[in-house]
Amino acid sequence: MKFYTLKNDLNLPAIGLGTWKSEPGKVGNAVIEAIKAGYRHIDCAAVYGNEAEVGEALKTAFAQGLVEREDLWITSKLWNNAHESDKVLPALQKTLADLQLKYLDLYLIHWPVAFKADVGFASKADEFLSPEEAPIINTWKKMEEAYNKGLVKSIGVSNFSLKKLKDLLVDATHPPEVNQVELHPLLQQKELLEFCDTNSIILTGYSPLGSGDRSQDMKKEDEPSLLENKVITEIAKKHNCSPAQVLLAWHLSCGTAVIPKSTNPKRIKENLESYDVSLTNEDLLKIKSLDKGYRYVDAKFFEVPGGPYKNIYDE
Ligand code: A2P
């Protein structure tokens, strides 16, 4: 096991179980299998639509004595339709009720993008709230309130560009402990990582394996494969491990946390065993050369005609 100590002195387990795209009917079992395998970090979000099943699994795990609540790290995320000041705490309460928990270890603003309250996923300009209508700092103030009330032990953001993170740091009373972003050898986020290191913010990487199970409408043509990348498979062969383990071990060498998703017990275990893979400097140099700023999740779905988000990555 490896942990990162956050600014608030809490220890974030470096590898967590991702639950984005984990189907209802499967995610509960995945959580149980992960805990049995030794995971102590589960990454959730309201919008994944499976927190109630995760909650049932956690209840079972505690009842069976598989793990104690205080030994588990549970992250969840505030969805885009609850950014307005009066919506943040109710959204958190709903997540806590679904997960059957008294507190979260980490609560993140899922995207720096706001929807109107009754909109599940905005696809037209008038379904969004502009940054003027729902300033991120107002949402952040409510995250701070949740922290001060003890409902969450750490707070952070997700999908924040370097610029958005810098802006938030200017105004925040309690700076974010974590920024969760897409991160893998094709998108190494060097500048963002350096800034986060300097400011003691831990980066957590999502889609570390290339998120091959995204729905077809989220996929682009000719997406590059991470798991079949030649450099990665050659390094895997050399270490007698799987390509997924190379990709996850790379995160550990970068000092970033990582949340591979799997609902398959064998792969859940395999992913945690990445802790045992030690990449050499030569491996790391080869992987460094793979960076091409490639995003599997490019968030183009927020760039609607006449909408407030030209490009949420500020690129
Ligand atoms: P499954 O859930 O059937 O294991 P990401 O974490 O980048 O979103 O990737 C998730 C995808 O990668 C899922 O399709 C998941 O399938 C698959 N996956 C998870 N672990 C492994 C592994 N060790 N080897 C190959 N594929 C994996």
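Each residue, glycine too, has its Cβ placed from N, Cα and C.
Annotated domain 'NADP-dependent oxidoreductase' per TrEMBL: 15-291, in sequence order. Positions annotated as active site, proton donor by TrEMBL: Y48. Feature annotation from TrEMBL assigns site 'Lowers pKa of active site Tyr' to K77. The substrate binding site annotation in TrEMBL covers H110.
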Secondary structure at Y48 (active site, proton donor), reduced by DSSP to three states: helix
Secondary-structure category, per DSSP, in which H110 (substrate binding site) falls: coil
Number of Cβ atoms other than its own within 10 Å, given for the residue listed as 'substrate binding site': 20
